[in-house]
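Here's what TrEMBL has on this protein:
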- A:12-34: transmembrane segment (TRANSMEM)
- A:46-67: transmembrane segment (TRANSMEM)
- A:87-108: transmembrane segment (TRANSMEM)
- A:123-140: transmembrane segment (TRANSMEM)
- A:147-169: transmembrane segment (TRANSMEM)
- A:189-209: transmembrane segment (TRANSMEM)
- A:221-244: transmembrane segment (TRANSMEM)
- A:273-294: transmembrane segment (TRANSMEM)
- A:306-325: transmembrane segment (TRANSMEM)
- A:337-360: transmembrane segment (TRANSMEM)
Amino acid sequence: MDAALKPSKSNRITTLQFILIIHSMQLGVGIISMPKDVADVSGTDGWIAIILGWILSTAASLIIVQVMKKYPDGSIIDLIEHYFGKWIGKLAMALFAVYFLLYAYLIFDRMVLLTQSWIMQQTQSWVLMLLFVIPAYMLIKGGVRDIGRFAEITFFASIWMVFVISTLFKDGNWLHLLPVLKEGWLPVIRTVNTTILSFLGFECIFFIYPHLEKKQSASKGVIIANTLTMLIYLFITIICFLVFSPDEITFFNDAVISAVKIIEFRFIERFDLLILSIYLMVIAKTWISALFMSVYCTSRLIVGKYYVHAGIFLVAMVITNYALNTGWNESIEASGYFSKIGFAVAFIGPVCLWLVLLVMSQFKRWQT
Amino acid sequence: MSRAKRTMLLLISVSLLLTGCKDRLNLENVTLILMEGVDLDKDNHLLVYMSSPVFSKEAKKKNEETKVKAISPRDARGYFEAKVSALVSTGKLQNLLIGKKLLQHPYWYKLLDVLFRDAKVRSNARIIMVDGDVDDVMFFEPEDKRRLPLHIAKLVDTAHERNLVETTTLFTMQRQIYEKGVTPYITELRREPGEIRLMGTALLNKEGKYVTSLNIVENELLQILQDEKYQDLTLTVVLPEKDKPGTVFHMGTVSFYVKKVNRKIKTSYRGGQFQFTYEIGLPIQITERLFDYNVKDDAHKLEQMINEQLNKQLRNLLQKLQKNKVDPIGLGLFARAFEYRNWKKVQNDWPEAFAKAEIHVNVHTSIKDYGEIK
């Protein structure tokens, strides 16, 4: 294992960075199609499902923190090796490596598709991917601390978008939200399936927890991170519900960008291009962090420096994209399958692990 | 390598990749479409028009206009590019003119699909009906105005600010088409011999077919009903009680400026029909009064007389809408919001239910100001 990946003084992260890394893993491409995805199932009551999804994801995050407390100086891999032995540890490494690699690729691919269909229709998607390879490589090489700083900068550099998007309130109609719970709770609860997955990303706590400077603020941190994500989701979804008619919103694939497109000031038009271009940074931090977690695992599993692995993966992603040449349909289908794995890794996995650890800690042998 | 060198290397290598982007388009190779038109000729062939500014000093005219026959607006693009100076772009589209003849055919709005679907089109372009042939407007070059597309855009926007016409953009058109509780409406204009004149608002049914028009005065009232007053809204009514016989003038005229519209709608459902009761509070400022009246002592009586006239006008407008089965007000949204169960039964045929609905209007004006003279 690379010494650079071990938690040490040089790669500690502050509580704010901890919060923003989790938040930035959650907030990414999902939000752009979220109003439509939610409205597909439960119409304009979908926003309630976001709050329900938030409760569940916060609970799952807190469980992960509880699990990590059992072995505070190492990542999930060290924890599993400690409790279950070397080979199960290796298995966990392989699983997490593949999981985060898929996570990174699917988001990277979706990000490029968005750029292609909204900004540069004529350019090949793999060419657009190439543009992000070098910055991603450099960020990953910097380790957890650089990723944390990038999350901080991007977060503060994109706050202005909230104010610009708020101008859409004047085009909205609050009647669209009424009546609340028009078809009862059932469709809302069915929508939780969708919204819960939009909070995926908090499973990165498994890997960044050991780097956190003040371990006692971990629980507070995950609650803040999840709440921040939820507030942004809620804000965007409600804005879209106000601007689009309930009968209309399901026709728009990227409802958020379509809505932003109508914002015009005297000195600037076509805010969709501007906001999407800058939002690419927000999306980038999702998959760059995921790729970091992936190479963290692979570099322990196989020999080699972790950033060499990252470079190889990045080039492989471009080649894969060139070879497969996939479009929107494939991307949406693959995300559908992936979200099932995500549910297992982020929700079911931690709960099972936590219960097992609770039982194990009853025995003397494991009480260290 | 030092940090500065590495940064330079990064910048250079990233900028080298930029040449791989094929979307580069030089500004001199772009013909910006400011106005597009769609119409049918006398044999029902689709005609697509475009108008774009010319920035060459050698050209004598400020605009170039083109007309082609095509099967759809996107199909017309190729024919345009074969005729105009450079590659066409719809990113700055201001107006979309639709001929009245085209509006006689249901589902004509499907032709706008390319404008809804293409990410590059400006979605705030105004949709305008031409009462007559699009030809007459498109090739019109007024001498005392600026470029026609920009002139029309300004004309429509400012008239809308004064509540004289409704405006519908590509974006709001989609809402009006898909939303079940409202019927679409678009600005209406006409080419007069020396000028372009706004006529008011054209009302379309759910299939997009032209049904009837509202004139400028009716449009002002419609915007009161919609609670969408923008800037200045000045109404003029003639009070029969104060009208004097024996003169050629309407001596009973009073004009006032509406400071605010306080609209409340009560929605209910009784006996198989929807019931809407409007309570409209209008704080007003009198700006013109052709008869003598002591407002200071008896404002209430004058308010009553104005209320009565406004009630009558609004009821006439509502009757017109109900008779034609069009609901540009969007009362369907109220039905959905407050009577959801009953709404669900009629949602796919809202205009029919709207025509049957019982609508009451009560205007309550209150005089806040009557100007500088008694």
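Any Cβ shown, glycine's included, is placed from N, Cα and C.
No curator has checked TrEMBL annotations; they are predicted automatically.
Against the transmembrane segment (A:46-67), stretch A:221-244 shows more Cβ pairs under 8 Å than any other of A:87-108, A:221-244, A:273-294, A:306-325. By the Cβ criterion (distance under 8 Å, sequence gap of 6 or more), the transmembrane segment (A:273-294) is not counted as touching the transmembrane segment (A:337-360), fewer than 3 such pairs being found.
When Cβ-Cβ distances under 8 Å to the transmembrane segment (A:87-108) are tallied for each of A:12-34, A:221-244, A:306-325, the top count falls to A:306-325. Counted over residue pairs separated by six or more positions, the transmembrane segment (A:306-325) shares at least 3 Cβ pairs under 8 angstroms with the transmembrane segment (A:123-140), which defines the two as touching. With a cut-off of 8 Å between Cβ atoms, the residues of this chain six or more beyond the transmembrane segment (A:189-209) that come close are 13, 18, 21-22, 24-28, 30-31, 34, 37-38, 41-42, 45-46, 49-50, 52-54, 56-57, 60-61, 64-65, 68, 72, 75-76, 96, 144, 215, 218, 222, 225-226, 229-230, 233, 286, 289-290, 293, 296, 339, 342-343, 345-347, 349-350.
Note on the transmembrane segment (A:12-34): residues 61, 107, 110-111, 114, 144-145, 147-149, 151-152, 154-155, 195, 197-202, 204-205, 208, 211-214, 217-218, 220-222, 224-226, 228-229, 232-233, 236-237, 253-257, 282-283, 285-287, 289-290 of its chain, located 6 or more positions outside it, place their CB under 8 angstroms from a CB of the stretch.
Remark: the transmembrane segment (A:221-244) contacts the transmembrane segment (A:147-169), by the rule of 3 or more CB pairs under 8 A.
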